[in-house]
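What Swiss-Prot lists as 5-phospho-alpha-D-ribose 1-diphosphate binding site is Gly82, 85-86, Thr90, 92-95, 110-118, Ser122. Marked as anthranilate 1 binding site by Swiss-Prot: Gly82, Asn113. The Mg(2+) 1 binding site annotation in Swiss-Prot covers Ser94, Glu228, and the record cites sequence analysis as its basis. Residues annotated as anthranilate 2 binding site in Swiss-Prot: Arg168. Taken from Swiss-Prot, the feature Mg(2+) 2 binding site covers Asp227, Glu228, and the record attributes it to sequence analysis.
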Amino acid sequence: MEPRAAVLKLIEHKHLTTLEAESFMNHVMKGEVSEILLSSFLTAMRFNGESVEEVLGCTLALRKNALRPKTVFPFDLLDTCGTGGDGQGTINISTLSAIVLASLGIKVAKHGNRSVSSHTGSSDILTRLGYQTETTQEEVEAHLVNRGFTFLFAPMWHPSMKHAGPVRKELGFRTVFNMIGPLSNPFSPQFQIIGVYQPELMELFIKVLQSLGLKRALVCHSRDGLDEFSIFQITDYTFLENGVISRHSFDPKILGLSSLNKEEVYASSSDHAEVLARKVLNSESIAGTHAVALNAGAGLFVMGKIDTIEQGYQIAKEAILSGKTKKYFEDLISKE
C-alpha cells in the first residue's frame, strides 16, 4: 500500500492491517514520506485510536530499520523501558530498578532516551550518576557481556527516526511513536517489563508483546497514575507467559508499608531527581527504597527467578539496604 492510500484509509476511520502499518512506517524510516503526509497519518491514527495491528506493524518497521548488535548474547535479557509520559514527576524508578536487577545477576539491556515528561529521563539520570550513556555500539555490547548491564541510547540505535523528529516535535502530542519505542529494543530481549501512561494501553501492549513472541512480559499502570508499580495505590498489570495472557492487580498493602513520605519519590527538578536517586542507592530513602525494590521485584518475577512479586520485592530491598546495589553501581561506573 502506498503511503497516501494508508492515510486515506485512516481518514475513513478504518484501521490498517499489520502489513499496511509496517509498510507505511518503513517508508517513513527511509525518508520517503513528506512531513505533511506523516503528520496526517499520526493525527488520523491518534483520533481513531491505535490498534494492536497498527502498533505491531509500526514496531516491526522500527525494529527492522534499527542497528543490530554484532554480538550473539548467550543469556536471557531483560528490559525495563517504559513509555514515560505519565506526567507524575517521580524519580527514575525503572532505571534504578534496572540497576538493582543487574546487581542481582540479571542481564539488563536498558533501552531509553532523554526525558519525556519527568525532570530526567533514563539517559539523563544515568549520566548524572556517572554512567556514560552515549558510547559506541561495540562498547554497549561489551558492557552487557562483561558487566551485566548496558544502556541503549535510542537515538543512536534508531538513526532512521530522524526522519520523524521534526513532525513529532511540531505536533506536540502523543503519537504511535511514544508506544513503539519501548517495544523496539534492538537487542530483542525475551523478557520485558513495561510501565504505560494510560491503563487502556496495558491490553494493547501485552498483545503486541505476545505477537512479538516474548517468553514472559508484564505491562503495568498504577491507580494513582504511575507508569510503574506504586507503593501507594493498587497497580493493575497484564502478564504474558508462554503465549498466554492473564490480568492481575497488586496491592502494596501486602508489603506492610506505612507512613511513607511521597516527597521521597517525587522530584521537583533535575537536580532534585539526582539527589533522590543517590539517596536510594545509599539506602537513605525509605519510600524510594520500597518503590525501587517493588519494581525490581516485578522484574525478578518476570524473569522467573521467584514465584511472586512480593518475594522479589524482599530480595531487591535487601540488595539495596545491604549496599550490594551501591557497590555494584560504583564498580560499574569506575570502569567507565
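Heads up, residue numbers simply count up from 1 along the chain you see.
Keep in mind that glycine also has a Cβ here, set from the backbone N, Cα and C atoms.
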For the C-alpha pair, I'd like the distance in angstrom between His111 (5-phospho-alpha-D-ribose 1-diphosphate binding site) and Asp227 (Mg(2+) 2 binding site), rounded off.
16
I'd like the Cβ neighbour count for Asp227 (Mg(2+) 2 binding site), meaning other Cβ atoms within 10 Å of its Cβ, all protein chains included.
29
Of the binding-site residues Asn113, Arg168, Asp227, which one has its Cα closest to the Cα of Gly82 (5-phospho-alpha-D-ribose 1-diphosphate binding site)?
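That would be Asp227, nearest by Cα distance.
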Around Asn113 (anthranilate 1 binding site), how many other CB atoms lie within 10 A of its CB?
19
Based on Cα coordinates, which of the following binding-site residues are within 10 Å of Glu228 (Mg(2+) 1 binding site): Ser94, Asn113, Arg168?
Ser94
In Å, rounded, how far does the Cα of Thr90 (5-phospho-alpha-D-ribose 1-diphosphate binding site) sit from the Cα of Asp227 (Mg(2+) 2 binding site)?
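Here the two Cα atoms lie 10 Å apart.
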Let's check the environment of the residue listed as 'anthranilate 2 binding site': how many other CB atoms sit within 10 Å of its CB?
17
Quick check: in three-state DSSP terms, what is the residue listed as 'anthranilate 2 binding site'?
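Where the residue listed as 'anthranilate 2 binding site' sits, the three-state DSSP reduction gives helix.
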For the binding-site residues His111, Arg114, which one has its C-beta crowded by the most other C-beta atoms within 10 angstroms?
His111
